[in-house]
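As structure tokens, the structure follows; a few thoughts come after it.
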């Protein structure tokens, strides 16, 4: 307890004037070959079709499209889960939720987070001499030792969970709409369905709450400024750096102001998409100016769009999940349909990652952990197994060999949290459970357990509308391979050193800069 208190005290000292006074940029340790800088940008609830390079109907991602033309675009890239916390945990550990313990989202009142016996990417790289920063949405625990500053990040600036998990003074756009924070103590806003509590949304700098409620309309620019300043300082330090940016975009457009010109042609979601694209462009521009030759920039998303938000949700492109939509309910976020986990993905590293290349390799967010560790010349943490693989040969254009098999866990739809209920085998996909997620029209697909799984050939049916005939030789051959692959991975997980997250809830852990005020307000109205 004494050690933890001391670290909290040191990291949480107030910032006065300039940037990163507690980040040690000095060089120490042995001399070694240059290690690449790593910038990972993770969008929130962004659809595969929200990237213009993927989907011609999208015209709002000029910076990302330019990055695609200058780097590699992955068209068969998948989130490790179909909702926030599990996907982010897998990004930072290279392990599925059944191994790392994070199978569903953490709440504002969550006591726990990503289990502390799980080793994060930042912890590995910091041991290798990297200076590390995390900017944006964390959502892997905010209380005590689960905070980013205790999970390998020298610097943290952001909201510790989703940007809709607390009230603000200008709540932006949501469906259904949510009211603003009460303007004075003693008033209640009656949050209603699908809105969070009256506690104001906090913005942290390291362990300090610096705004509560946060001003969402200026948040994207604050994230860009912090990212740019970190890259600037780290690039002159002589040390390699890791920057992980968890965007507040896309989610729902809580930060955008109403479009003034041509509103019929400029949706709120598109305005938010352009704002996100500008933020990414600023980060890439800084990399180009100060660290272009030795920096890998990897952009992707945590899961697909949130269909129940209707016009405030993103585009799945051609991955409609038609079988599910005909049954009712959503085939996007929370589900194992393609719209729930197939996400945009780009890699950029001039001189190393070939330009204007489209990769069809079957890849996953799980692969970032082992790939980055290999590029840094580090070793994987011992005494545990990993679901991701080193795909640097794919990154460098030397191979199109990705995964043969991927497993898609339930992320809040029908079935148990974290259960591997869908299996991807080459271009085939087998569903053992379907239904359970809400669509825009309010319908929820019936929970259906398929003893003989639905199997789709994605080369012929990217829309997942027509499964294979169960009596066909093709179905029987795929079924045999899928059954064996699923049995093997479940046995492998059973034999692994797995963790279990603490999902206990306690109102006393809610972030609060002013416990004497009902909403924890520290900012004047």
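Cβ coordinates are placed from backbone N, Cα and C, and glycine is handled just like the others.
Swiss-Prot lists 84 with the feature active site, nucleophile, giving similarity to another entry as the kind of evidence. The active site annotation in Swiss-Prot covers 139. Look at Swiss-Prot and you will find 44, 45, 84, 302, 303 tagged as Ca(2+) binding site. Here Swiss-Prot flags 137, 162, 251 as substrate binding site, drawing on similarity to another entry. The feature 3-oxoalanine (Cys) is assigned by Swiss-Prot to 84, with similarity to another entry given as support.
If you check the recorded positions 137, 139, 162 against residue 44 (Ca(2+) binding site), the ones with a Cα inside 10 Å of its Cα are 137, 162. The most crowded of the binding-site residues listed here (162, 303) is 303, judged by how many other CB atoms sit within 10 Å of its own CB.
In the three-state DSSP assignment, the secondary structure recorded for the residue listed as 'active site, nucleophile' is helix. With residue 45 (Ca(2+) binding site) as the anchor, the candidate recorded positions are 84, 139, 162, 251, and the one with the nearest CA is 251. Here residue 162 (substrate binding site) is positioned 7 angstrom away from residue 139 (active site), judged by their C-alpha atoms.
A distance of 11 Å separates the Cα atom of residue 302 (Ca(2+) binding site) from that of residue 137 (substrate binding site).
For the pair residue 251 (substrate binding site) and residue 303 (Ca(2+) binding site), the Cα-Cα distance reads 10 Å. Surrounding the centroid of the Cβ atoms of 137, 162, 251, where the record places substrate, the chain contributes additional residues within 8 Å, namely 44, 45, 84, 139, 159, 161, 163, 164, 165, 246, 248. Excluding 44, 45, 84, 302, 303 themselves, the residues of that chain whose CB lies within 8 A of the CB mean position for the Ca(2+) site are, in sequence, 42, 43, 46, 79, 83, 87, 251, 301, 333.
Highest Cβ count within 10 Å among the binding-site residues 45, 302: 302. In this entry, 137, 162, 251 make up the residues listed for substrate, with the farthest two CA atoms of the set 11 Å from each other. Recorded residues the residue listed as 'active site, nucleophile' and residue 303 (Ca(2+) binding site) have their alpha carbons 7 Å apart, per Cα-Cα distance.
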